[in-house]
Amino acid sequence: MERIQQVVGRARAAFKAGRCRSLEFRIQQLKALERMVKEKEREILAAIKADLHKCGPNAYSHEIMGLLGELALTMEKLSSWAAPQPVKRNLMTMRDEAFIRYEPLGVVLIIGAWNYPFTLIMQPLVGAIAAGNAVVVKPSEISENTAKLIADILPQYLDQELYPVVTGGVPETTELLKQRFDHILYTGNSAVGKIVMAAAAKHLTPVTLELGGKSPCYIDSDCDLAVACRRITWGKYMNCGQTCIAPDYILCHPSIQSQVVENIKATLQEFYGADVKSSPDYERIINKHHFKRILGLLEGQKIAHGGETDEASCFIAPTILTDVSPESKVMEEEIFGPVLPIVPVKSVEEAIEFINLREKPLALYVFSNKKELIKRVISETSSGGFTGNDVIMHFFLSTLPFGGVGNSGMGAYHGKHSFETFSHRRSCLIKDLKMEGTNNLRYPPISQKKVDWAKFFILKRFNKGQIGLALLALLGIVAAVVWKNHHSVLKRKALLIVLAVQRLGWPNVW
Amino acid sequence: IQEVVGKARAAFYSGRCRALEFRIQQLKALERMVKEKESEILAAIEADLHKCRHKAFIFEMVSVLEELALAIGRQTSWAAPQPVKRNLMTMRAETYTCFEPLGVVLITGTWNYPFLTVMQPLVGAIAAGNAVVVKPSEISENTAKLIADILPQYLDQELYPVVTGGVPETTELLKQRFDHILYTGNSAVGKIVMAAAAKHLTPVTLELGGKSPCYIDSDCDLAVACRRITWGKYMNCGQTCIAPDYILCHPSIQSQVVENIKATLQEFYGADVKSSPDYERIINKHHFKRILGLLEGQKIAHGGETDEASCFIAPTILTDVSPESKVMEEEIFGPVLPIVPVKSVEEAIEFINLREKPLALYVFSNKKELIRKVMLETSSGGVTVNDVLIQYGVLSLPFGGVGNSGMGACHGKHSFETFSHRRSCLVKDLKMEILNFYRYPPSSQKKVDFIKFAVFKQLNKSQMALVILALLGIVAAVVIK
């Protein structure tokens, strides 16, 4: 436990030394991270396979691909992200520089989860490094092979003091949470999310919590069911249902329920073949604890397909439940397994009501050809994110911030949003000591006249265009007066004036 | 309190604050309230802080009116969906983020700017479409009472209830479930608020405080610098979260700084500060005694006069203050200005960095390099160079702290975003399913290679156009051939 205090202390000292302040250093570290992902690809895929029974190509596309994209994007865009962002000024600050700077926070903590054990640590790490922080990395102990590997290889590529890896279980995590961090990003479940936030509160540490929930999937009767079910099947049973944004349950009209089941069955056959257990593409439940938990959800349910299990290998076949009652156990907690309940609802209104009676989910899915229906569901519900006519895909577009709301979390990351999450957005206003006369309005003794001036100056805002227009108007008036008084002279000297103006480069001023 | 919050939630669920028109109508009503009840509001602030009406108008009401005008004018554009750049795989989809209401939010104000600290965030919370429970500080009791009185006369009573009371009522409020809590106050209570919020996974914005340092470079116009510092320090009797808390400067200019401040104080408040209508009072006896305690053992270069009966403390300057003294431990929040001598800007930076990150940081200098160095090597909520306080008035700048001085930010559009959920939306259609072949099992290396190309290359419009042109070019070439 002392070791944890030391590790965090060393990271803080390394941060204060100032070396991760420079963009070059950060990019160099990101390049090293990229090298690590490429050079250690085989080891990484092997670890993920050992943890989740996931085949190489799937592990690559689920966990490594996105990460490499994130690294490339971040390295390319870092200098523009880190550049000061000017803001609109008011009349009082017209002569001043006003901008926002993104600055490092200090030492941040990233706690990963076991379901995508590599990418859920690495992707936030990219943003945290890019933002100039020291980062303490805590992979989930439940995906132990990946945790061990990360602890092994990260120090071989990255600055060892700035980016230490801490492994261990609940005791180590508890000790970690006692330390002081400048931001904590936690991926996991809501119950532990509350513990993390409570620990963070002791140090006034801001948190990003990527939690979960029951992501509903509404299927409109009037849409291409074959395609819809294909996409749902892919997202649901990927990683054996252990995906935070997997479609948790289906809401649809009772009349299409059996069609939905048939379509999913057909797709399952296409994806995994007749014998799912021997398909290299089908993963396993992470451990016995979750295996038993999911098994318990099947009790008393109408199993329309699947239901086969094998405890020794933590195998649960792709399962569909029909006519599920809203009060049953499988509808209480996030399933996080290959069990897909279908809850019949008579209309989209009923679906919306059903969704709104429950905690805000991390994702929400709607399948429909009717744009109006989709827009309606979006506007009458709330969720972290939304994908229409597909599942999961909003996760893969890094320009979309990825995060939850309410019980499904707070804050967001991915792409530039990671950089911003791990930065402090500092407001800067730079004046000079001249024109002190204009400040007299604000100094005591205060009078009614000063109040009237304040009303004028402060309550009227200008942007560059308006200031430009005002000045142009003034110039126009001046020009008109000059023309009136001197037009004969000006006509004679017109050519000279044009040349003089060009010489001065006057248009460049504007 | 449970009922009040429950009613607000039911009112939110009824959906009426979803419509932009409704929100604008409520904001307009709030604007009417501020204008029609102006003299009552100024009277309440005067009763609480001994602040003259002109000052109360300029420093509390003008910002609220500015926020209202901005929100009413911009709300539609703030609330509109914001498209985001797509990649090759989402080229045909609609991709955007939209700001949505969170639900029921709690705003707790504080006593030093009792009207402003409640109303300014309220504008953003209403604009974002939430129900808002408003809890003014009980310490500024006249303003609290007034807000409880007039707000229900203008705003929807169920959606925007006012809860008054002290610690017991606040504790009870914090047990309820909110979708966001904005707290303005001190760090100690900030921790309590965040811990209470953690029980419900409620996100928080904490506008806290700290000791905002003010570094004066020897080589600058000291008269002007000290004038501006004096204004910001003694405004509201030093009870401003972003007041310059203490000065760091070279010992050789210390006495000059003192003289300049003294001259400015004379100019602002006259020979007899106590009788100046522009000089406020300490809010109550508790804080009066607290600030008095900070003076013990200090070298008083100016001021130091007090009168407990009226909670009056004269503008005071302390010199050669030791970093270990009590006055350098906590946020002063009073009209006492310590000067801590430092030999260089490096020493000043080190001094600042040994302490908690402040809400504001001030530097007075003509040298661009020095200013850049201080900014780069320190951290604070915000920075203002060659002036104090005015970063607060630029609504396009997010106002908030970092570390011990807070988390999250407000003002203008930032309030709107703080009180909203930024939801990511990706809307596809069910066509061209064939294009999804690469992602479905059975997996293969070929599919992986396809994803490498297609999924993670983000293209902008011109790049996409180039790709399409290239494709067309190939097609044309083949056709011609």
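Cβ from N, Cα, C; glycine included.
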Annotated stretch (coiled coil, per TrEMBL) among the listed ranges B:20-47, B:132-159, B:328-355: B:20-47
Cβ-Cβ under 8 Å with the transmembrane segment (B:462-480): same-chain residues at least 6 beyond its ends: 88, 91
Cβ neighbours within the same chain of B:E207 (active site) - under 8 Å, at least six residues apart: B:T117, B:L182, B:Y183, B:T184, B:G185, B:C241, B:L359, B:F399, B:G400, B:G401, B:G406, B:G408, B:C410
Assigned conformation of B:E207 (active site) - DSSP reduced to three states: strand
Number of Cβ atoms other than its own within 10 Å, given for B:C241 (active site): 29
Three-state secondary structure, B:C241 (active site) (per DSSP): coil
